Amino acid sequence: MSASVAVYRNIYTEDRFKQAYGSDDNASGSLRLREKLAGKCRCSRRACLHLLSERVPLFSWLPRYRLRKWMVGDAIAGLTVGILHIPQGMAFALLTSVAPIFGLYTSFFPVVLYMIFGTGRHVSTGTFAVVSLMTGSVVEQLVPTPLAFNSSSPEAANFEAQRIGVASAVALLSGIFMLCMFGLQLGFLSTYLSEPIVKAFTSAAAFHVTVSQLQSMLGLRLPRHTGAFSLFKTLASVLENLPHTNVAELLISVVCLAVLVPVKEINTRYRHHLRTPIPVEILTVIIATCVAYFSSLDSSYSIEIVGRIPAGFPKPQLPAFHTFPAIAGDTIAITFVGYAVSVSLAMIYADKHGYSIHPNQELLAHGISNTVSSFFTCFPSSATLATTNILESAGGYTQLSGLFTSLVVLIVLLLIGPLFYFLPKAVLACINVTSLRQMFLQFRDLPELWRISKLDFMVWVVTWLSVVVLNVDLGLAIGVVFSMMTVIYRTQRADCSVLGRASNTEIYRPLENHSKCYEVPGVKILTYNGPIYYGNRSFFREKMSRVLGLTPEEIRSREKARKALEKREREASVSTVDRGIANTSFSSVNEFFESETPEKEVQAVLIDCSRVIFVDVAGARLFTQMCTECQKVGVHVYLANCNESVLKILTSSGLMSHMNPQHIFVTVHDAVMYIQQQREKPPENTTTVWV
């Protein structure tokens, strides 16, 4: 069933509509500014409590905590994640090129701090493979491993102290960067790492992690390569040294992979049926430690073991401040990666469970976590993919699960840690590799990405290839730059369409997609699907000229013909007045004018600005130039659907001195009705729209 609606109203230009329905911008703007300043400067108990609950979310959610409903889920999820943190923390410490104990520290302090300051209820923070790999590259550059390094030598303690000093300095500088970004409210910067970039980057980084762990899995003692083409250098080094493989460590790696891969697959496939995932990592660590201890594998087969893990809390220690100039560039990349991954994960689970997070508060939370924990010999931390997924699937409800996670790690630090002395490093390498399953599986998104957006597919591929072929930092930078170039390309190559009217409606649609719409006689209605700025002004002008047929040569010829017609009209008028008789040449001039401007010729250009989101100075000057050129050939220019910012820039640039302000309309249909009225001269200010 169809219905018709008749609307009788005045034709509205922008000026007339503002007079009828607008407000006093200056008065309301100054009033809003005064109210905003007064609200910011007002100090009261309520305002202080509100600020405290915003900056320390613990005081917001803890008083509303539902003990009976949430406690069991938080406890089970927190304990499960805590058990997983122990092997992963020690394993990711190897990626950071520091001793395993520092991975346990990094699995404790950031978890407690994020529980207090974070807004993600299902976010698990701690060690993350990609951030650890990037930090390890910095550590290896500044404190490279000596070729004849003996972990039991007296110099080993000093060597480890230098390495953790650099890693802690990276954590401190990363935290400072995040706190500065929080102060400047730059949480939105994470959006420049789009989803295709993050997924391609983490997937490619997984290959770097896997290749870097090959030497530990094969029992090879090789220097770690950094910089461009590091993945291929490492592969070449491993292949070259394959004859020196430690068979015992290779056998340990094969057995661990044979256990870890199937059990983790079971955890993934049957996660909805399992109350908690099978803690295969910690079981593998315990069994491997026992086997190595009772078999004396370290002395009998020269396998590399974790070694001494001191019990107790670490003493506060200053990071290596003198390394700040050398690590600043790499730390910026680490900061952006850690923050982008953390916010992305927090947003995914916030959307899933129907609550909101605050990106700027996340900057504060991770900034404080990294800054404070750096003084306790921790390396950079962030939200982690695997543990966050397990935390949510195990039934976690709130940040309180972090308390139970930290308690598990605390018990290991205080009591159990020294028992892992005989743990083979090959086991930790296998845990590193098998924890990357989710990152490798991101290749499955490519077919869907190709179907949805070819440009986003290209961003994914370029980022992945850059990270794999070059290195993690440079590849990420190339991915971001390429992504920004695709945005620029989309704005530069926006479409320009000719609009037609649907019969007996006020609806106007592109003619190429709506063949039953028709062009308004004598009026060319155009729409441009993008901003008009210095980067695409030439493309905009070219497309407009092509659609209107107003090339520079055409403008000159039509302007010359128009001037000749005006001159003949003036001469004919003077001759008629002087003689006092009808001049036959005057009627011939009219006939000539009618033949030169047929009914189908464009007499008015109407630009629909509804999709022009912004205009800069160069774009505004182009509008002025187009108006001038159209006037030369007797074509009037009209605008419709301009947003406030576009209209303000066009007005400030002096367009109104070249264009009648009454030619700017609220809608396309208002402008069309006005143009038709000017031709037919009907009663003013009334239009009828049938829908």
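Every residue number used here counts from 1 along the chain in the order it is shown.
Positions of Cβ are set from backbone N, Cα and C atoms, glycine also.
All annotation found in TrEMBL is predicted automatically rather than curated by experts.
Since the structure is predicted, the reported quantities are computational estimates derived from the model, not experimental observations.
Look at TrEMBL and you will find 70-86 (among others) tagged as transmembrane segment.
Marked as transmembrane segment by TrEMBL: 92-116 (among others).
The transmembrane segment annotation in TrEMBL covers 164-188 (among others).
The transmembrane segment feature in TrEMBL is assigned to 242-262 (among others). Long-range contacts of the transmembrane segment (242-262) within the same chain: residues 216-220, 280-281, 284, 288, 297, 301-304, 424, 426-427, 429-431, 433-434, each at least 6 residues beyond the stretch ends and with a Cβ under 8 Å from a Cβ of the stretch.
Residues annotated as transmembrane segment in TrEMBL: 274-294 (among others).
Annotated transmembrane segment per TrEMBL: 332-351 (among others), in sequence order.
The transmembrane segment annotation in TrEMBL covers 403-436 (among others). For the transmembrane segment (403-436), the list of distant contacts is 74-75, 77-79, 81-83, 85-92, 94-95, 100-101, 104-105, 107-108, 111-112, 115, 124, 129, 206, 209-210, 213, 216-217, 219, 249, 252-253, 256-257, 260-261, 264, 281, 284-285, 288-289, 292-293, 297-298, 303-313, 386: same-chain residues at least six beyond its ends, Cβ to Cβ under 8 Å.
Within its own chain, the transmembrane segment (457-489) has Cβ neighbours under 8 Å at 130, 133-134, 137, 192-194, 196-197, 199-201, 203-205, 207-208, 226-232, 329-330, 333, 336-337, 445-446, 449-450, 535, counting only residues six or more beyond its boundaries. Sequence annotations record features per position, and here TrEMBL assigns transmembrane segment to 457-489 (among others).
Taken from TrEMBL, the feature domain 'STAS' applies to 513-675.
Of the Cβ pairs linking the transmembrane segment (274-294) with the transmembrane segment (70-86) and spaced 6 or more residues apart, 3 or more are under 8 Å, so the two regions touch. Long-range neighbours of the transmembrane segment (70-86) within the same chain, counting only residues 6 or more positions beyond its ends whose Cβ lies under 8 Å from a Cβ of the stretch, are 104, 107, 111, 124, 126-127, 275-277, 279, 281-282, 285, 386-387, 390-392, 394-398, 400-409, 412.
Sequence-distant neighbours of the transmembrane segment (164-188) (same chain, 6+ residues past either end, Cβ-Cβ under 8 Å): 96-99, 102, 135, 138-139, 142-143, 317, 319-321, 323-324, 327-328, 330-332, 334-335, 338-339, 343, 358-364, 366-375, 377-381.
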